[in-house]
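Copied from TrEMBL, the annotated features are:
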DOMAIN    A:7-139  domain 'Casparian strip membrane protein'
TRANSMEM  A:12-34  transmembrane segment
TRANSMEM  A:40-66  transmembrane segment
TRANSMEM  A:78-108  transmembrane segment
TRANSMEM  A:128-152  transmembrane segment
């Protein structure tokens, strides 16, 4: 179980964290570049949630770099419990943010057909940003499950 | 850990499951009674997700009744693993459905102010239904955590 892909303090763990940081940062960047995003509460919440995700994942990526350089083992139960709780909280917030934004995007693009009727709406940017938010959630859910398995096998 | 509140096959577990069933059923009932809900994809998804939640929680409530009447112990690792996975999947779907619907409700009630401008919209019904969906998610998340603790302590 020590060799689980994506475990903390490993190369694959670092890649997973950097993937989360880059997807969340890209989601924020694309949303911020879309005109009029600030009129939608859900899109502002998406930015806040992805911002928190960037901070959390970047912090853990730095910890992974430290562990890799100093060859430290990060797999003690207390530290892994902290990672599980943090991953669970950020995953929940990310899923809620991505889903609420997706609700609006589907309403505009499919239900109301506003995206073809109102050309000034940057619908494609909204869609890409939401898709990246879901990708971020999938990556953080993966991390969360890896931590859960490590915790299960370390108690 | 055998005495954990909300564990499967206990009275508190049964109450928790019945709470999930009633909240999810009430959410469906109120949403279906709101005029024009079918034009919103997110609200249809909310009904589908709450329907799945009713089925899952009702099934486990029946199992709890069986265990209570026959005095059977449901806390073996394989059964608890199944409960953890099922609870996790339904909790994720419920949160996604509640959040996507909440995104639309906030858009209509706050961002666009449609609820005060367009009197024919049953905004209060949408809001109550979404609130009940979040309550259902909170209850299923509670069940999911109880199962997680039981699993942690049974391996």
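Keep in mind that glycine also has a Cβ here, set from the backbone N, Cα and C atoms.
Any TrEMBL annotation is an automated prediction that lacks curation.
Within the same chain, residues 5-6, 43, 46-47, 50-51, 53-54, 57-58, 60-61, 64-65, 68, 94, 122, 125-126, 128-130, 132-133, 135-136, 139-140, 142-143, 146 sit at least 6 positions outside the transmembrane segment (A:12-34) and bring their C-beta atoms closer than 8 Å to a C-beta of that stretch. Residue counts for the domain 'Casparian strip membrane protein' (A:7-139) under DSSP, helix first, then strand, then coil, are 112 helix, 0 strand, 21 coil.
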